[in-house]
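Here's what TrEMBL has on this protein:
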| type | residues | note |
| --- | --- | --- |
| COMPBIAS | 508-522 | compositional bias 'Basic and acidic residues' |
| DOMAIN | 23-96 | domain 'Ig-like' |
| DOMAIN | 114-166 | domain 'Ig-like' |
| DOMAIN | 192-275 | domain 'Ig-like' |
| DOMAIN | 284-373 | domain 'Ig-like' |
| REGION | 494-522 | region 'Disordered' |
| SIGNAL | 1-15 | signal peptide |
| TRANSMEM | 386-407 | transmembrane segment |
């Protein structure tokens with residue numbers, strides 16, 4: 001019995017354009033071994049890339065034979081290597097077919113890729129019945145639980161490579177042995193290779209990553225998903241059909257080992273790339289400059305001043321610090337990924353005037369700016385305005401009180417109230433430490449106060465009226481004045497009392513007459 005050993009050829013991984021445009025032969029039925037006299041149809045696929053109506057077939061067994069067909073199919077009955085070619089295309093990978101005269105053959109598919117289900121069929125000539133079938137792999141017997149006598153190996157991988165053979169048992173205990181088949185599971189796609197547009201980028205620049213692999217022409221329609229990682233811990237993307245990833249801005253802390261993974265949509269085939277080291281370069285800070293807002297280093301008392309520290313060059317996180325020249329103390333610190341930072345000084349005072357500088361450091365050591373002198377301009381109108389506002393408010397209150405006093409006395413006079421008493425009181429004398437801006441009441445003459453004819457305990461008696469004249473420049477000037485003077489402030493005090501000469505609350509006829517003779521002033 002003639003034993004044939006055949007090798008399933010591996011489809012090489014080549015460039016994207018060549019692989020995509022290379023024709024592929026499919027076999028129907030999908031085996032590589034047949035009995036003599038059987039017919040097999042070959043189809044040359046991939047013509048969508050070429051405008052042609054003819055196919056050239058190459059057969060090589062004992063000698064090369066050339067056949068041209070009007071379409072893309074060819075029916076064959078002879079053993080040999082077959083290739084096809086469209087007009088303007090490269091030749092396809094070869095397909096080896098064997099037509100055997102043995103009584104029992106082992107049939108395997110033309111191409112088996114990792115992840116496929118490997119199907120082995122023990123086939124007898126003229127479909128004669130077998131009572132039992134046994135398969136061996138590298139001389140070891142494989143269990144078979146399939147009632148169709150076929151051997152199924154799901155999710156095939158390189159672990160299933162080897163020599164296969166089958167044994168068939170007939171009705172009369174006849175034993176038939178098939179030919180050997182060397183099966184090599186083809187790689188669906190090689191381990192991907194991670195590529196970067198720049199493996200030593202400068203901080204802040206973008207980097208494009210690509211996870212490159214290649215499907216064989218026979219499986220060019222297989223869908224793959226890709227994922228990207230850094231240092232086995234950081235996931236840069238989710239699974240995606242895109243084999244590219246853009247990093248818009250990369251920083252020194254992003255330096256590390258990068259790799260990618262590729263897998264089939266079903267997830268049964270997964271492969272990762274080798275690591276790619278990416279070292280991000282940092283530019284030290286230089287050209288440190290301190291400026292102010294408003295510009296020119298001139299501040300106005302009571303307003304806000306902003307110190308702006310900037311660098312001409314420098315990448316990554318930068319720590320900015322502001323200082324006074326005289327005290328060397330730090331006024332504030334900020335760390336940020338920016339070439340510019342601001343520090344706000346609210347409510348500037350005259351004591352803030354002086355020299356200032358800032359420093360910037362992005363891990364190479366602090367770099368100091370030039371000294372900037374800041375002056376503070378005082379506005380005298382601020383203080384005078386406060387004094388004037390206080391004086392105006394006090395005058396308004398005094399006028400309101402005077403009007404209330406006049407109205408009160410007028411009501412008392414209509415109800416029989418007179419005035420009594422005649423005293424003069426001097427204002428307190430300013431001490432040596434008192435400010436020249438203090439306001440004191442002028443010497444006043446105590447007017448006759450209006451009292452009830454029949455006072456009661458707890459009634460009010462106005463004992464004095466003090467008048468204050470305000471100067472035009474905020475300085476208090478005191479003078480003795482009358483109540484009707486329109487440019488004075490009036491201060492009065494109230495005393496709850498009884499008449500000193502009469503505990504019963506009576507007054508003399510003289511006092512009463514004095515009250516009665518008093519006339520209201522217009």
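Each residue, glycine too, has its Cβ placed from N, Cα and C.
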Can you give me the average pLDDT across the domain 'Ig-like' (192-275), rounded to a whole number?
94
If you run through the domain 'Ig-like' (114-166) with DSSP, how many residues end up as helix, strand and coil?
6 helix, 25 strand, 22 coil
The domain 'Ig-like' (284-373): DSSP-derived helix, strand, coil residue counts
6 helix, 48 strand, 36 coil
